[in-house]
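One structure is given here, and the rest of the page talks about it.
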Amino acid sequence: MKSDAIKKGPGKAAQRSLLKALGLTNEEISRPIIGIVSSQNEIIPGHMNLDKITEAVRKGILMSGGTPLAIPTIGVCDGIAMGQEGMKYSLVTRELIADSIECMAKAHAFDALVLIPNCDKIVPGMVMGALRVNVPSVVISGGPMLAGKYKGKDISLTTMFEAVGSYENGTMDEKELCDLEECACPTCGSCSGMFTANSMNCLCEVLGIALPGNGTIPAVFSERIRLAKRAGMAVMDMLKNDIKPRDIINEKSIMNALKADMALGCSTNSVLHITAIANEAKVNMNLDIINDLSSKTPDLCKLAPASNVHIENLYAAGGITAMMNELSKKDILDLDCITVTGKTQGENIKGVTVKDYEVIRPIDNPYSKNGGIAILRGNLAPDGAVVKRAAVLPEMLVHEGPAIVFNSEEEANEAIFNKKINPGDVIVIRYEGPKGGPGMREMLQATAAIAGMGLDDSVALITDGRFSGATRGASIGHVSPEAASGGMIGLIEDGDIISIDINNAKLEVKLSYEEIQRRKLKFKPIEPKVKEGYLARYAKLVSSASEGAILK
């Protein structure tokens, strides 16, 4: 056992004395020591229930003969941090979480890990940490929130952000805004649509690092507790059979995850995180593969924010295994990949059927023959940009308009709320990339305001920052290279004509070669926005969004 390094033989008597200070008996010390990595806290609705998940995992480990020891890690609520300086600290926690797992697991020689995240960056951060440590590991999330109810309709966090735009536009009064606020987020759990948290929790199933059901069983269902117990039992089986994260997450399972991403219409952040996970798994991933996979993978699901269908509906329709089974009818997935069950994906999905073909479309009658995510390239984004095609209105798939340029999210939000944006405009928000932000903030407040004001059918937004999974509309992010690295987005001026052609994967600014060269000669990036602390260090080390915004 790996834990023998801290407990076996006379030379480890001092270490055993410290383990006994924890209250452990000799018998407990002799068993495999399993680290339970929990990001439970009282500021994230999706993490407030993780203490219950931890206790269930603990019971599963004990039932299977292990000794569980819980350790903490951090987590940021993107929804609460949104629209202010605090959002710069969201993406950057992904690396801190991976680093902390590496430090704690290796320092204490854990034999195996059970990872308990739920929201946004915490999920990929834990997967990245597990790949570094590479001991048997299972991800078990806290589960999705139920959708809210208002006047007979399902609502979510997207509803709230867009309601602010409607209020500012004068189409909603304060009473209705407050009424919505009371019921939009009715339970604990990750926000109820196919936003970033649920995207990553679902894709963990497809990667094989989580048990079937991980992505869709609601947080408040007792089935979630039973799944957590099974996760504790599963990690003990993995330890017995020596199944490790790098056995599970490899090129084939990464391709499966990207294909599922297309079929589900996941958050654009999933591209960033899968790229980073691939890096930890030593898999070389080029963004160009995404358009290739998208052309071969139909969009089977249209979930919030692209519709009013939520994760609880996907759960009732059969969940991720049912969606995978539908894709398998056209041999789209590699079903020989091993998973945390000890079985292959093919064995996991055998016999699972779709229960609602309105939520998970038949493979022969998809919402779209192309997947939900697209990579755009052109002189404005030579290294790529990302758009959630599934959430773009048909009339905005091709668009040309004058640029209106901002050097921060705050400047853009002020202009939007002061009604300085006209139909046809292309909002450009720059110096919000991984290095320039720093931290690559999400522009949800801006995109939600555009939608709430009824401009999502005529206004596009491009940025070197990111978007929340709750964003909808012609919102193009991750523009690379970013402005702070001398990217073309830093050269755009008000009035330049921006050409967007999502159907043909193009993003261009209509300038002559000579004009572009003239601007490059006089270009000078703005002063760094943050000059001390963790963000300043992060800005010096972070790579481009096209590389997953990993630290180098």
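Even glycines carry a Cβ here, placed using N, Cα and C.
What you are looking at is a predicted structure, and each value in this text was computed from that prediction instead of being measured.
Listed in Swiss-Prot for this protein:
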{"type": "BINDING", "residues": "D78, D120, K121, E442", "note": "Mg(2+) binding site"}
{"type": "BINDING", "residues": "C119, C191", "note": "[2Fe-2S] cluster binding site"}
{"type": "MOD_RES", "residues": "K121", "note": "N6-carboxylysine"}
{"type": "ACT_SITE", "residues": "S468", "note": "active site, proton acceptor"}
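All features noted in Swiss-Prot, drawn onto the structure.
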residue: D78; record: Mg(2+) binding site; DSSP (3 states): helix
residue: C119; record: [2Fe-2S] cluster binding site; DSSP (3 states): coil
residue: C191; record: [2Fe-2S] cluster binding site; DSSP (3 states): coil
residue: E442; record: Mg(2+) binding site; DSSP (3 states): strand
residue: S468; record: active site, proton acceptor; DSSP (3 states): coil
Counting only other Cβ atoms and using a 10 Å cut-off, which of the binding-site residues D78, D120, E442 scores lowest?
-> D78
What is the interatomic distance between the Cα atoms of D120 (Mg(2+) binding site) and S468 (active site, proton acceptor), given in whole Å?
-> 9
Whole-number Å only: compute the distance from the Cα of the residue listed as 'active site, proton acceptor' to the Cα of K121 (Mg(2+) binding site).
-> 11
Cβ contacts within 10 Å for C191 ([2Fe-2S] cluster binding site), all chains included, total 31
Cβ-Cβ neighbours of K121 (Mg(2+) binding site) (radius 10 Å) = 29
Same-chain residues at least 6 apart in sequence with Cβ under 8 Å of the Cβ of C119 ([2Fe-2S] cluster binding site), in sequence order, are I44, G46, H47, G75, C77, D78, S190, T196, A197
Give the distance between the Cα atoms of K121 (Mg(2+) binding site) and C191 ([2Fe-2S] cluster binding site), rounded to the nearest whole Å.
-> 14
Cβ within 8 Å of the mean position of the Cβ atoms of D78, D120, K121, E442: remaining residues of the chain near Mg(2+) = V76, A81, S90, L91, C119, T196, A197, N269, S468
What number of additional C-beta atoms lies within 10 angstroms of the C-beta atom of S468 (active site, proton acceptor)?
-> 32
From the Cα of C191 ([2Fe-2S] cluster binding site) across to the Cα of E442 (Mg(2+) binding site), what is the distance in angstrom?
-> 16
